[in-house]
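Student: According to TrEMBL, the feature domain 'O-antigen ligase-related' maps to 193-318. Residues or ranges marked as transmembrane segment in TrEMBL: 12-31, 52-71, 77-96, 108-129, 160-177, 189-218, 224-243, 302-326, 338-361, 367-385.
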């Protein structure tokens with residue numbers, strides 16, 4: 001029994017990634033041992049046990065910028081509550097970074113893949129049986145819906161598309177370095193994931209995945225990437241009527257544009273430096289427009305949403321942190337190989353790039369589960385880079 005308990009505690013972070021998209025309450029409970037171990041390692045009498053990198057300074061700057069946004073928020077209580085969740089984003093990033101530094105990236109990615117199998121299974125089951133399930137019992141929550149497209153366990157088609165964009169690039173990048181059993185799992189993930197992505201009816205998600213695959217091919221073989229791009233352009237012109245019809249039927253671009261024009265841009269102008277406050281967009285948006293046609297939940301763009309809520313100071317430090325990760329990846333790819341660390345790093349890189357592309361028309365970090373996963377991937381990526389640099 002003690003051995004089993006120790007095994008569970010050792011796999012705390014992996015279990016967190018496993019449960020996160022479909023049983024989040026179990027994920028939050030399973031991460032507690034990792035938080036406890038992380039806190040116990042901190043020696044408050046000494047300076048940081050490792051030399052701070054540029055990424056650390058960018059992350060600290062981001063934390064301070066968001067703190068100022070909360071202090072000067074238009075709705076302080078609301079922002080303060082969201083600030084607690086924001087701290088958990090950074091904590092998860094640091095935990096996964098430390099795990100990757102210790103060579104546990106592959107193990108964590110496997111847990112992520114197993115979790116993806118469950119999400120895809122529920123999505124396909126939902127499509128076949130038209131399931132609609134909503135179970136809420138205190139803090140336990142399990143939700144399946146078919147409103148507006150397949151949602152699987154994420155409760156919203158766009159959230160499922162965002163989840164798949166974080167999962168599929170990593171699966172594709174890892175495929176070449178797996179044994180037969182793992183390749184079968186990856187094949188199921190790719191086939192089922194792409195199938196579900198189309199069923200979400202997310203035009204932005206399909207476009208972002210196409211862009212990620214094109215980037216992947218281009219990085220692997222530049223000539224092949226250019227050839228595939230030309231083929232895609234020809235395919236678009238030959239089928240542009242069908243493609244435009246699909247976009248018009250499944251896109252809410254006009255609603256987004258109206259929201260940007262009537263809410264986001266004026267809000268940014270009024271709160272340019274520090275924003276209106278973390279998590280205040282939904283509430284303050286009605287001060288600019290009460291139209292039912294315009295979505296008020298968020299700005300439907302991570303760039304505009306964070307410019308609105310945390311201002312130019314917070315948004316610039318956020319994207320500086322992400323930019324440092326991307327720059328470190330590209331530098332390492334140039335020095336070594338695009339498939340260093342058995343394809344794990346290029347997978348992390350493409351997952352984040354795909355999320356940023358999709359982020360032009362959708363906000364994903366504001367949804368807690370996806371925000372945690374996004375920062376977990378960045379943490380694993382940074383930790384993997386630091387492990388490689390330490391060994392060379």
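Backbone N, Cα and C atoms are what each Cβ position is placed from, and that goes for glycine too.
Describe the structural context of these features.
Tutor: In the domain 'O-antigen ligase-related' (193-318), the DSSP tally of helix, strand and coil residues is 95 helix, 0 strand, 31 coil.
If you look at the transmembrane segment (77-96), the same-chain residues 6 or more away from its ends with a CB under 8 A from one of its CBs are 13, 31, 34-35, 38, 59, 62-63, 66-67, 69-70, 108, 277-280, 283, 365, 368, 371-372, 375-380, 382-383.
Outside the transmembrane segment (189-218) by six or more residues, the chain places 113, 116-117, 120-121, 123-124, 127, 148-152, 157-158, 160-162, 164-165, 167-169, 171-173, 175, 224-226, 228-229, 232, 246-247, 249-251, 346, 350, 353-355, 357-358, 360-362 with a CB less than 8 A from a CB of the stretch.
Outside the transmembrane segment (367-385) by six or more residues, the chain places 17, 20-21, 24, 27, 55, 85, 88-90, 92-101, 105, 108-109, 154, 156, 159, 162-163, 166, 170, 321-322, 325, 328-329, 332, 341, 344-345, 348-349, 351-352, 355 with a CB less than 8 A from a CB of the stretch.
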Student: For the domain 'O-antigen ligase-related' (193-318), what's the mean pLDDT in this predicted model?
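Tutor: Across the residues of the domain 'O-antigen ligase-related' (193-318) the model's pLDDT averages 87 on the 0 to 100 scale.
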Student: Would you mind listing the long-range same-chain contacts of the transmembrane segment (160-177), meaning Cβ under 8 Å and 6+ residues beyond its ends?
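Tutor: 21, 109, 112-113, 116, 119, 123, 149-152, 154, 183, 186, 189-190, 193-194, 196-197, 200, 202, 204-205, 208-209, 212-213, 216, 339, 342-344, 346-348, 350-351, 353-355, 358, 362, 364, 367, 370, 373-374, 377.
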Student: Count, for each of 52-71, 108-129, 224-243, 302-326, the Cβ pairs lying under 8 Å from the transmembrane segment (338-361), and report the range with the highest count.
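Tutor: Per the Cβ count, the answer is 302-326.
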